[in-house]
Amino acid sequence: MDNCRESTARFTARGGIRPRLTGGRRALMLLAAFGLLAAAAAPAAADGPGDVSLPPIPRGLEDSSCTKPSAKKISGRPWAQNVLRPELAWDLTEGDGATVAVIDTGVDAHGTPALAGRVEAGPDVAGGGSAGKDCVGHGTFVAGLIAAAKPDDAGFAGIAPGTHILSVRATADNGTTTPGHLAAGIDAAVAGGAQVIEVPVALASGSAELTASVQAARAKDVLIVAPAYGDQQLDSGKAAPAAYPAQLPGVVAVAALAPPDGLPDQQQPPRTAPDLAAPGDNVVSVGPRGGGHFTGSGADYASAVVAGAAALVRSYRPDLTAPQVLSRLQRTAYHYQGAVSLVGSGTVDPGSAVTASLGAGRDDGADPAMALRLPEPPSRDAEHRAWTIAGVSAGLIALLGLAAAAVPRGQRRGWRPGRLSAPAPDATTADAGPASVGDTGPASAGA
């Protein structure tokens, strides 16, 4: 008998015997299923643009202490990558052969694994430091947006992970700079062979020296990219003042887009008219002295994204001039009707900028084998649908909860109508029968 019980137990454990599903159990199973549906729908509406718990990357330092390494990393793809999908261009090019100069606080050439082997330490035109080190962290963050290596998982990567970074330090130890230092940085970047120069700085004024350096870079067919405004220049309801060097002719001025819809982060057109826009708010990148991630917001980070897209184009279409590269970036961008003053030609599209066939005579680049087009930036329609599903599911959960309680009781009664007990009998109602469920009047006295 014991052997029989043991065999039966093993058979049941393997699924040979399944317990009978009563009505109550069925209702509870449906309740759990709809609960999972609601749980899946609600996060879809609340999906954020990254991990808000990441430490922010500073633009400057208040004292002599360097920015501490980040101990946190995100596991998924940041919102900017989901919108731009640069991997659609990576089968053709990852930016190999292109050099982007980053004129900033320096770039951590050895302590940041995602940039290992991609950074060349150029000169320190401000003096007193090394372009291969980055106490502030801003330059490393910007370089990561451009060229951070692809991870083994589907996490953060730069727009052009094969691009070579030339670091030019043009700031004081606390991260501040001047038009003269930027001018010297641009000259050094041109001398170092950069094809794209990223200047993630928005100064309130320029100088004759800065204008001359920009003109000299243009004469050497170098594309310069910079933010159309500074983070400190944003004031709700007011137009951001002119920003340098983006205000100068020939510099690509970039506006920032905010999650989750990829809409402009400013309400009034900035004084420096944007040429293009890119994700810039709550973006994720690497920082100095470690492999952790940081987050940052501003048009300076959007300009780094555009610089990365320009590097992809210059890599895949090396015969294009700098003006032709800009033209291709603008003509393949996502356009926003009625928002030219806020975003210029629209959101940069790295995949289409590399692969799109623009027609004979439109530029000097050879037509690619195929033309790719990225999907439109996500809209709130998906969010509304997700919350609608969650709301409907919540209603069904409530109904099924009632059913889960009612079904077992009905089965125990054999589905006979339930009845309410009448009050205890007294002299006037001794013969009264119990009231039925749903009765609105008093029980009738027996004859």
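Start at 1 and count along the chain as shown; that gives each residue its number.
Even glycines carry a Cβ here, placed using N, Cα and C.
Any TrEMBL annotation is an automated prediction that lacks curation.
Feature annotations, reproduced from TrEMBL:
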REGION    53-73  region 'Disordered'
DOMAIN    95-346  domain 'Peptidase S8/S53'
REGION    259-280  region 'Disordered'
COMPBIAS  259-270  compositional bias 'Low complexity'
TRANSMEM  386-407  transmembrane segment
REGION    411-447  region 'Disordered'
COMPBIAS  417-435  compositional bias 'Low complexity'
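Same-chain residues lying 6+ beyond the ends of the region 'Disordered' (53-73) with a Cβ under 8 Å from its Cβ atoms: 135-138, 141, 155, 173-176, 231, 284-285, 287-296, 298, 300. Mean pLDDT across the domain 'Peptidase S8/S53' (95-346) comes to 95 in this model. In terms of DSSP secondary structure, the compositional bias 'Low complexity' (259-270) contains 0 helix, 2 strand, 10 coil. Residues in the region 'Disordered' (53-73) partition by DSSP class (helix H, G, I; strand E, B; coil) as 0 helix, 1 strand, 20 coil.
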